[in-house]
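As recorded in TrEMBL:
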DOMAIN    2-120  domain 'Response regulatory'
DOMAIN    170-300  domain 'GGDEF'
MOD_RES   D53  4-aspartylphosphate
Amino acid sequence: MSILVVEDNRETRRKIVADLKQNGFKDAVFEAVDGLDGFQKASQNAPDVILCDIEMPRMDGLKFLTAIRSRTETEHIPVLLLTSNTSRDIRLKGLTTGAHDFIHIPYDPQELVARAKLHLNAKRREEELRKRNKELELLSHKDALTGAFNRRYLCHILNVELGRAARTDGMVSVLMLDIDHFKEINDRFGHQAGDLALKKVTAEATACLRDYDLFFRYGGEEFVVMLPDTSKREALKVAHRLCQKVRAIAFSHISPDLKITVSIGVAAYPDNDVCSVEELLAHADQALYQAKQSGRDQVA
Ligand code: GH3
Ligand code: MG
Ligand code: MG
Ligand code: MG
Ligand code: MG
């Protein structure tokens, strides 16, 4: 945790820094001599709390605040404005520009430290929440068993991708995979072996796709691959490669007889003349049905 003190009055600045250092912020206090200096230091170090004077040369406290709030790296940092005989007008401007608090100069050292700690803790809690929200958001996109993205995320992201392709005259392809005779695999080797097969297929497929291709668990033993910027020709190649990869998966620790294969249906925008996610997936599903009808372990 670090505090930045932005104050052009040398005496006030030194005193604040000394008070903070004596009260739990020993190696964590930085100083800046005016708004511009403060803005540069805040941009470099992203301190946890900023104490900032209002009247300063080069860049005053309100301009400093505006600048801090306009950058993603610094927008959440609590700023406490130092006010001496500041007008009500300026104080209101400070609040509406994003100041968290005011400290009246001359200040009470204990109160100054207490306020700094209050805002530090609040910021820490906020950061924790933001982090957890991000983790939850990511989790809400994933399937619990395989770690693949889930169907909800597929609908969202494929819609985004299809929109982009339509706007930019681009392409997007999808593969729909279904494990062949999976019911038999469960029946012969047990449900746990079936679960493992689902995880293995996910791991193998994810490993052989490009970074910007996404792998989804669509339902039970069905998966979808989204291939941005990919023609149907290219998508067919990817599908054949996936078929081969799955065929080669060994489950020797379960049984040498456990082998899995997949059937894959391919569809592409604009090839299939589709306007919606539903239509694109329906085409892939029809192709998958053909692959199944033609004997499984193949691409259509
Ligand atoms: P096909 O080649 O026509 O696709 O035959 P299939 O047996 O794979 O298809 P079917 O739809 O008859 O059976 C799918 C099976 O997948 C049935 C279901 O119990 C199993 N399944 C679905 N989700 C899971 C899961 O999470 N774990 C396990 N182990 N099995 C699952
Ligand atoms: Mg000043
Ligand atoms: Mg199925
Ligand atoms: Mg089926
Ligand atoms: Mg199946």
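Using N, Cα and C of the backbone, Cβ positions are placed for all residues, glycine too.
Secondary structure of the domain 'GGDEF' (170-300) per DSSP, as helix, strand and coil residue counts: 58 helix, 30 strand, 43 coil. With a cut-off of 8 Å between CB atoms and residues at least 6 apart in sequence, the same chain places V6, E7, D8, N9, T12, G61, L81, L82 near D53 (4-aspartylphosphate), listed in sequence order. With DSSP states grouped into helix (H, G, I), strand (E, B) and coil, the domain 'Response regulatory' (2-120) comes out at 55 helix, 22 strand, 42 coil. On the 0 to 100 pLDDT scale, the model's mean across the domain 'GGDEF' (170-300) is 97.
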